[in-house]
Each structure stands twice: as C-alpha cells, then as structure tokens.
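A.B. asks: Got a structure here, written out as structure tokens. Questions coming.
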Amino acid sequence: MGDNKNNGDSGKLLYCSFCGKSQHEVRKLIAGPSVYVCDECVELCNDIIREEIKEISPKRDSDKLPTPHELRAHLDDYVIGQDRAKKVLSVAVYNHYKRLKNSSPKDGVELGKSNILLIGPTGSGKTLLAETLARSLNVPFTMADATTLTEAGYVGEDVENIIQKLLQKCDYDVEKAQRGIVYIDEIDKISRKSDNPSITRDVSGEGVQQALLKLIEGTVAAVPPQGGRKHPQQEFLQVDTSKILFICGGAFAGLEKVIEQRAHVGSGIGFGAQVKGEKDKATISETLSQVEPGDLVKYGLIPEFIGRLPVVATLTELDEEALVQILSQPKNALTKQYSALFEMEGVELEFREDALKAIAHKAMSRKTGARGLRSIVESILLDTMYDIPSVDGVVKAVVDESVVNGESAPILIYEHNETQAASGEQ
C-alpha cells in the first residue's frame, strides 16, 4: 500500500473510493489493491471510532447507580450540616436517574420528572450540594445565574444558552449532556414584584420564568454545534431536556415573613404582639421549612414555574460551630487546601483552634456564611505566601487568634529554631 499523488503509469485521474474526490482535491490519496482512500476520509473514520469509544466508556461507568445512602455519605464528606436537605436531594436525584435507567414505562406508568428547588441563605451550601452530587454521579454539571437571563430577543443571555454551556462541558456529546445536572442560582431574583400579573413587559423577571418553563419541564432544544458560526451549514444539535435534572436555588430573603403572614405567627397587636429578639433568629430556618407553593406564588414566582419544581428542600443558616467544622473537616476543607499550598514550598501550615473560631466569628459578623471564609483566610495568609518562596529555612507557619484579629503576623518556625525547641523540651 502506498500514497499516490500522480496520475500513475496509466495517466488516469485517480479518485477516492469513499467520497469520490479526485487526487487534485485532496492532500493525500492512499492506494490499496484497486482501492483509493483520501486523507479526509481517513480523518473522518478516526473521528467515528473515537466517538464510539467515548460512548462505550460512560455506559460502563454509569451501570451502577449509587443508592440514596451512598449519595448522602458522599455529600457528608464535602458538606457540613444540612441533614434534611441532603436526604431530600439524595432521594430526588436517585429517583431521577432511576427513571432514566428504566425509560420504558412499566404497565403504561410513565414516571414524571422531579426538578428541585433549594431555599436557603447565602453561603449555606446550595451550590456545593449540587456540584458534589454531579461529581459523585460522574455526570456533566453547569451553573447559570438567573439574573443574567432575559427573554429571547432582548439584550442578555437566552435560556437556551444554559444547554449550550452544558454541551460545552461534555465536548458536545448530546447523550452525555442529557444525563447532566443544571444548577440555576439566584432564582428568587426573577420573581415579579407582586403576585398580580403585570401589564408591563418584564423581560428579566416573569418573562424569564415563562421562558424557563418548557426548558425545565422537558423540550427538544435546538443548539448550534461547536463552531456553529464557522460552519453555518451544519445542522443544529437536538437536546432532550426532559432527561436533564434542573436544580434551582435562591436565598428568598423575606420569604419567612410571607409564611408567617399565612400561618398568623407573630401577627398580634399591642400586648398580644410577639417581639422577636436575638434568640429568635434561628426560627427563620424553622419557618422556611414550612414553605408551601402558595407562599412562593405570593413571593413572586408564577404557579406554572413552581409546578415544574415539585421537590423543595430548605437549608438552615450556618452557625459559628458549623463554620469551624467547614474550615477543617470536609475532604476539601479550606485549611487542607492552604496546607497543600504551603507543602509545595516545603512548609507545614498549622491553624490553632482559637484561630478557626476567630475566622468563623468574623464570617458570621459579615453575614456571608461559608462563602466568606476563603477571603478571610486569603487575607490572613497573603503576606506569608508572598514572603515564604523567597525565605530559606522556614519549616512551619502557625496561625492563631491574634493573627486573625490583625494583631500579629503568622509565627514562622525555622529549621534551627525547631531543633532548639525540641532540645529545650527534653
């Protein structure tokens, strides 16, 4: 077998036996016994084989579906607290993928789709729960911000772009994308201002809810393929969103007041009125756990949209003790992440217990939940991370409460100091 670019001994023009292109239209024409194949067809065959290999491997990985107990155990490794929300999510996600696995309906019973709504304050772990679930199931995951979405035809991001992002995460593999998870954050920000239908156009509120309806419930979305602008003649990819799990999350600030009005809690007047103090703050989480669809309608979500999110899980506000645990206990805890960074420089990093409590206290006062922990730790260690690569002999850095409060810098222990300290203890 050889490659032939000339007319050959016979002087005939040679053609690819597969696509019919002549030797002048291609870079290479490879000759076999009375057969010719061009370089373009060889490349296409390689692509087909690669796609088939890609399709086979995920099926092997996804044969065994983790049970709700296994999903919950995986969430426990990465997320502190939120026990009720973990249980609700584990069951809902398990049922969703069980439905996909057994797609042929038994006795004519077709299983409905159960998308999820997460309600909880900022930094309580909504995004982390969704991300961790996707990672444990080895499925594509993408996030979208509801505040950037607008109706089609207006300046902003179309809801169909969410599916485009999901496809990008799995190299435009439609089958893989249809098993993915989409998390839409700040869903409470697209609520309408009142529970009465508005006569004015609301392109980023109720309008977005209307646009999301079909996508969340299940439709066949037409998405341009990779490099769609370069190859406009290519057909659009058809993605069935009924197989995609949508998780929507939001803080829903003020929702507890709507629930209290419905339940007539604290609505007394004069001597009969309930006065809330500091100790009653924890009851906000308890109030949110009593949320009903009618409360969400009153808040500003349209009934049709709420109907597409039948599974509702509420998350509690994290207290100081939970924040201390978040700093040190999960597999990818912040203290472990920064310890790994320091280890790369050959330095051991130690956070004392009083330092962890001080960091948690600072995050509580900022009202940012777990989300604010990283910025606090980063600011504490900034100068040390700047200096250590240029300083020789440092073996350990210690962070205590005074460092967190800005009263001192982290304690640096040098190689010779460590030896002296050890001999002094004996």
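All positions are counted from 1 along the displayed chain.
Using the three backbone atoms N, Cα and C, a Cβ is placed for every residue, glycine included.
Features from Swiss-Prot:
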type    : residues                                                       : note
BINDING : CYS16, CYS19, CYS38, CYS41                                     : Zn(2+) binding site
BINDING : PRO121, THR122, GLY123, SER124, GLY125, LYS126, THR127, LEU128 : ATP binding site
DOMAIN  : 4-57                                                           : domain 'ClpX-type ZB'
A.B. asks: What three-state secondary structure does DSSP assign to CYS38 (Zn(2+) binding site)?
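C.D. replies: DSSP assigns CYS38 (Zn(2+) binding site) to strand.
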A.B. asks: Check the Cα-Cα distances from LYS126 (ATP binding site) to the binding-site residues CYS16, CYS19, CYS38, CYS41 and tell me which is shortest.
C.D. replies: CYS41
A.B. asks: How long is the line from the C-alpha of GLY125 (ATP binding site) to the C-alpha of CYS16 (Zn(2+) binding site), rounded to the nearest angstrom?
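C.D. replies: Rounded to a whole number, the Cα-Cα distance is 58 Å.
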A.B. asks: So around the Zn(2+) site, CYS16, CYS19, CYS38, CYS41 aside, which residues have their CB within 8 A of the centroid of those CB atoms?
C.D. replies: SER17, PHE18, GLY20, LYS21, VAL26, LEU29, TYR36, VAL37, ASP39, GLU40, VAL42
A.B. asks: Out of CYS16, CYS19, CYS38, CYS41, the binding-site residues in the record, which is closest to GLY123 (ATP binding site) when you go by Cα distance?
C.D. replies: CYS41
A.B. asks: Take the domain 'ClpX-type ZB' (4-57) and average the pLDDT across it for me.
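C.D. replies: It averages 80.
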A.B. asks: I'd like the Cβ neighbour count for CYS41 (Zn(2+) binding site), meaning other Cβ atoms within 10 Å of its Cβ, all protein chains included.
C.D. replies: 18
A.B. asks: Which one of these binding-site residues, CYS16, CYS19, CYS38, LEU128, has the sparsest Cβ neighbourhood, judged by other Cβ atoms within 10 angstroms?
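C.D. replies: It is CYS19 that, of the binding-site residues CYS16, CYS19, CYS38, LEU128, has the fewest other Cβ atoms within 10 Å.
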A.B. asks: Which residues does THR122 (ATP binding site) neighbour through Cβ under 8 Å, counting only same-chain ones at least six apart?
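C.D. replies: Expected: ALA251, LYS367, THR368, GLY369, ARG371.
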